[in-house]
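The domain 'Palmitoyltransferase DHHC' annotation in TrEMBL covers 134-237. According to TrEMBL, the feature transmembrane segment maps to 13-33, 53-78, 162-182, 202-222.
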Amino acid sequence: PAQSPGLRCCQRVLAWVPVVIITLVVLWSYYAYVCELCLGMENTVVTSAYDSLFFVLLLVAYLIVFHVIFVLFVWTYWKSVFTLPLQPDKKFHMSYADKERYENEERPEAQRQILVEIARKLPVYTRTGNGAIRFCDRCQLIKPDRLIEMVNNCVGFSNYKFFLLFLMYSLLYCMYIAATVFKYVIKYWTDELTNGRSKFHVLFLLFVAVMFFLSLMFLFGYHCWLVSRNRSTLEAFSAPVFQNGPDKNGFNLGFVKNIQQVFGEEKKLWLLPILIFCLCLPSQGDGHSFPMRTLCEAQNPLLANEDNCWVDSKIVTENPL
């Protein structure tokens with residue numbers, strides 16, 4: 001059933017809570033690593049008559065690598081949260097009258113019928129598992145993009161690369177912190193270091209880094225698997241339904257082409273949160289239409305290497321990521 005405008009407003013406000021929490025954790029981790037670990041440890045080493053020159057050079061190296069990873073991590077997170085999906089054609093938006101009729105209707109069957117009537121003249125080729133038209137309640141339009149709502153944003157063609165890079169660099173960020181902090185945790189544990197305030201920050205920093213690393217490792221690995229098969233999250237659980245029936249590999253173009261669908265053809269830009277079409281370079285799509293396997297290949301995978309089984313035409317889909 002359709003949500004009321006007041007409920008949607010409350011949901012959007014509450015959706016910012018995880019973003020604020022993650023931002024605060026990242027800011028604290030920066031303070032704990034730079035101020036409490038690196039700068040605070042330098043003072044401890046000097047006053048303890050250690051080889052200060054070597055240790056200072058080591059801390060400088062730690063800080064340089066840390067800031068490179070930190071900038072990439074924050075950059076990709078910012079792009080994931082604030083890069084909106086591509087605006088679809090106006091024909092995918094509801095008219096004011098249709099929107100009022102849809103929101104005032106309480107029966108799910110009647111709502112589905114309203115969407116069918118609106119989408120009758122639209123180039124929509126996929127459906128939900130029960131044959132219904134997909135509708136994005138957040139964007140208030142019939143879905144032309146294979147998107148899902150994550151990180152307080154709709155993640156789709158225009159920002160899925162940013163989301164994947166955010167997972168990768170956050171994983172790298174946690175791994176780097178855990179690797180460089182661990183030996184100092186051992187020193188605090190054996191009372192070799194005694195700075196009480198820094199001890200709390202360093203110990204908690206290791207705990208948080210390991211905890212996030214383990215959770216992100218599985219999430220990032222899962223999305224890498226999805227990209228390798230050119231599937232969205234929901235397509236992995238429920239095969240997209242086309243006019244000729246469901247096909248879980250309907251968008252699978254092969255490993256290399258699947259990677260290019262997300263990251264583009266310019267390999268030197270794959271690790272940077274930059275969209276190919278923003279640089280006026282050849283891209284793999286427009287976010288509204290997606291290439292798919294031809295019917296002959298879907299019926300006989302042995303024909304995948306035959307040229308006559310690949311077409312340049314694209315279909316418009318609204319299947320969520």
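Every residue, even glycine, has its Cβ placed from backbone N, Cα and C.
Because TrEMBL annotations are produced automatically, they should be read as predictions rather than curated entries.
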Provide the three-state DSSP residue tally for the domain 'Palmitoyltransferase DHHC' (134-237): helix first, then strand, then coil. 68 helix, 10 strand, 26 coil
Would you kindly check 13-33, 162-182, 202-222 and say which stretch has the most C-beta pairs under 8 angstroms to the transmembrane segment (53-78)? 162-182
Between 0 and 100, where does the mean pLDDT of the domain 'Palmitoyltransferase DHHC' (134-237) sit? 84
